[in-house]
Amino acid sequence: MSENKDKNNILKRHIEEDNNIDNGKRKKLELGKDMEDVHDIASKEMEEHETTPIISQNLYLDTINRKLLDFDFEKVCSVSLTNLSVYACLVCGRYFQGRGPSSHAYFHALTENHHVFVNCSTLKFYVLPESYQVESSALQDIAYVMRPTFTKLEVQRLDHTPQLSYDLMLKPYVPGFVGMNNIKNNDYFNVVIHMLAHVKPFRNYFLLKNFDNCPQLVQRLAILIRKLWNHKAFKSHVSPQELIQEVTVLSHKKYSINEQKDPVEFLSWFLNTLHNCLGGKKSTIAKPTSIVHYSFQGFVRIESQKIRQHAEKGEQVVFTGDRVIQTNVVPFLYLTLDLPPKPIFQDEFEGNIIPQVELKEILNKYNGVHTQELAGMRRRFHLMTAPPYFIFHIKRFMKNNYFTERNQTIVTFPLDDFDMSPFIDDSFIQSNPKISTKYNLVANIIHESVTHAEEEFHNFRIQIRNPSTNKWYQIQDLYVEEISSDMIRLGESFIQLWERSS
């Protein structure tokens with residue numbers, strides 16, 4: 001029995017050894033198959049890599065024509081007129097929708113052999129019809145022209161370091177003092193935007209902040225101001241078409257390129273609308289709620305007194321002021337200055353003489369002593385605060401029952417250190433001894449009347465000081481020229497911008 005057990009144990013041991021050998025061989029065979037599969041896959045990938053051409057990042061970039069690129073106009077597809085997913089062709093400058101196989105940009109690439117496009121929203125560059133993205137430093141200048149950006153150091157240098165730049169045609173221009181396209185009748189619009197673009201805190205705010213989540217009016221104004229101050233521009237002028245389109249929509253077509261308007265009316269509407277778009281609310285003297293109110297808003301005290309008439313039978317009518325005087329403090333963004341009426345009688349020698357008046361004389365309206373009588377009320381005005389910037393509107397047009405009469409009186413003024421203290425309340429001056437009451441002229445909007453074929457046309461141009469060189473430039477639409485400071489006082493000043501001296 002013991003011999004049989006030993007034989008059975010030996011037999012089991014041999015069977016287990018045979019099984020272990022079979023399992024090892026099986027694992028080796030499986031591992032070998034896996035290695036062969038991996039080798040085959042790698043060989044196939046190498047073959048595919050060798051047969052597939054490598055697409056260069058610089059392919060088609062030499063077809064880009066920067067002289068035809070104009071990103072100032074509204075980003076709308078030239079075929080479907082939609083403003084969604086718009087791409088700009090960098091060969092011809094036209095706008096097309098999408099980049100998929102059924103898009104207008106795709107068909108344009110096939111039919112016109114134009115291959116390089118940029119997404120107008122993301123500023124990413126693509127090659128069509130292959131539809132792959134291109135990342136090249138050679139395209140950064142195009143992205144910068146589409147959406148200029150500024151650093152704090154660059155903004156600080158704008159008013160202290162003289163700059164002279166050149167466009168693609170090697171035409172020199174001074175950033176900030178470039179022409180603005182008059183599409184039809186929008187010169188009233190151009191001069192107002194130019195003036196606002198030279199208000200330092202206002203300008204710096206729109207150069208440095210991010211407005212991606214703001215209303216379109218704010219975004220388009222920021223882009224336009226940045227393009228005005230762009231020192232890497234492709235051309236030495238800009239077009240306000242995108243901003244005007246938004247203004248036309250918000251104003252219900254009251255302000256557009258089709259009809260010329262009063263610049264001061266547009267300025268008032270634009271500042272108030274912009275204040276609301278920036279989230280501003282009704283401000284107090286101590287706390288402005290937007291950059292608009294911070295830069296321009298002041299407060300004026302108005303004392304109103306009713307005028308009563310007394311008369312007895314057979315006696316002359318006598319007008320006396322009511323004993324009750326109502327006092328209100330109201331905010332303002334600009335001050336209206338009334339010109340003295342033109343002389344009624346003129347002899348043959350005085351007929352061609354244009355009257356003159358000093359700026360401080362027409363500002364006496366706000367000295368708190370001068371009275372103004374209108375519509376049965378006697379009023380006195382006195383400035384309660386002095387904002388960083390004063391905007392003066394010199395009222396030149398008076399409407400009567402028959403026509404609008406223009407007052408050609410020339411206003412004379414100093415260019416620097418104009419003292420506003422006689423018109424500001426003493427309490428403000430005493431409580432703010434460090435705030436200067438002297439102001440320097442920054443911009444002067446001129447009105448010009450031209451008669452053609454018995455019809456009168458009104459033109460507006462602006463004269464702006466360059467603080468880095470103290471030179472003056474006159475801008476009328478696309479025409480920019482350097483002028484002498486003596487020329488500033490010779491025109492019919494319509495709107496003036498004064499900056500508090502530091």
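From the backbone N, Cα and C atoms, a Cβ is placed for every residue, glycine too.
Record features (Swiss-Prot):
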{"type": "ZN_FING", "residues": "56-153", "note": "zinc finger"}
{"type": "BINDING", "residues": "Cys89, Cys92, His108, His114", "note": "Zn(2+) binding site"}
{"type": "DOMAIN", "residues": "178-501", "note": "domain 'USP'"}
Note to self: I want to verify one value. Collapsing DSSP to three states, which class is His114 (Zn(2+) binding site)?
What the structure shows: coil
Margin query: DSSP secondary structure for Cys89 (Zn(2+) binding site), reduced to helix/strand/coil, please.
Written below: strand
Note to self: I'd like the number of other C-beta atoms within 10 A of the C-beta of His108 (Zn(2+) binding site), please.
What the structure shows: 23
Note to self: Cβ within 8 Å of the Zn(2+) site centroid (Cys89, Cys92, His108, His114 excluded): which residues?
What the structure shows: Leu90, Val91, Gly93, Arg94, Phe96, Ala105, Ala109, Glu112, Phe117
Next item on the list: Look up His108 (Zn(2+) binding site) in the DSSP assignment and reduce it to helix, strand or coil.
Entry: helix
Checklist line | Number of other Cβ atoms within 10 Å of the Cβ of His114 (Zn(2+) binding site) across all protein chains | finding: 21
